[in-house]
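Trainee: Take this structure, written in structure tokens, and hold onto it; I'll ask about it next.
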Amino acid sequence: MPLQTWPATATAPAVRRVDRRALAEPARALALAVAVGALLGPLDVALKHVLPAPFGHLVNSSPVWALVAFVVGWCVRARSSWWPAVAGTVTLLVAVETYYLAYVLVRDRDTATLVDAHAVGWLVVGVGAGVVFGTAGAWARDGRPWRGPAGTATAVGLLLAGAWVEVRRFAGAQEETYRHDSVQAALVLLVLTGVAAVLAARSARQRVVGLALGLPAALGGVVLAGVLGMA
């Protein structure tokens, strides 16, 4: 009879350890998201006024913010597949609010800016972008036959679309300085596209397929940017 109780006694601690890990993984994902978002917002406010062109402009750009959500999604190790999307979303939501909070604290803006229509609009965009790019980051890291290239293609398409938007701004700009900055920004984004294709992939196949899929993804990004008024 005592022998029948040994398996249950022996496995109980293991079950408790698994439960603790299952709770710790989401907690780490949320802590990472909050920390990165809390840094991104104020750093944007500070750096865009001190960095030379085109970097001051790029740090405040949608592609760079979305790329941060992608990196957060890549870093999340939670077993549930939806945690990278949650982490990416939390990152951008916290970043938006800390961005406006930095303006309130440092530049004496009214606290109403935290919840005005402009802030709410960016919060809505942050939810969509956080889900898409947080998930894409996890897929790229995972490296499965089609999820991996799709994740890589999302990052590639994001940066290519950003470069195209800068080229369009160059074409429509009248001021020579603004035209020059737009060209520089487009070139930096193209360089980042190559870096993302190399780093956001686990194999040569994933890089090649990710680059190929990144072209139609970029086209979709350009269309979406036009619809949202970002182009």
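From the backbone N, Cα and C atoms, a Cβ is placed for every residue, glycine too.
Just so you know, TrEMBL annotations never went through curation; they're auto-generated.
The annotation transmembrane segment is assigned in TrEMBL to 26-43, 55-76, 83-106, 118-140, 152-171, 183-201, 208-230.
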Trainee: With a Cβ cut-off under 8 Å, give me the same-chain residues at least six positions beyond the ends of the transmembrane segment (152-171) that come close to it.
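Mentor: 61-63, 66-67, 70, 132-133, 136-137, 139-140, 178-179, 182-183, 185-187, 189-190, 192-193, 196-197, 200-201, 206-207, 209-222, 224-225, 230-231.
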Trainee: If you count every Cβ pair below 8 Å, which range out of 55-76, 83-106, 118-140, 208-230 shares the most with the transmembrane segment (26-43)?
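Mentor: Checked against 55-76, 83-106, 118-140, 208-230; highest Cβ contact count belongs to 83-106.
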Trainee: State, in range form, which of 55-76, 83-106, 208-230 has the highest count of Cβ pairs under 8 Å to the transmembrane segment (118-140).
Mentor: 83-106
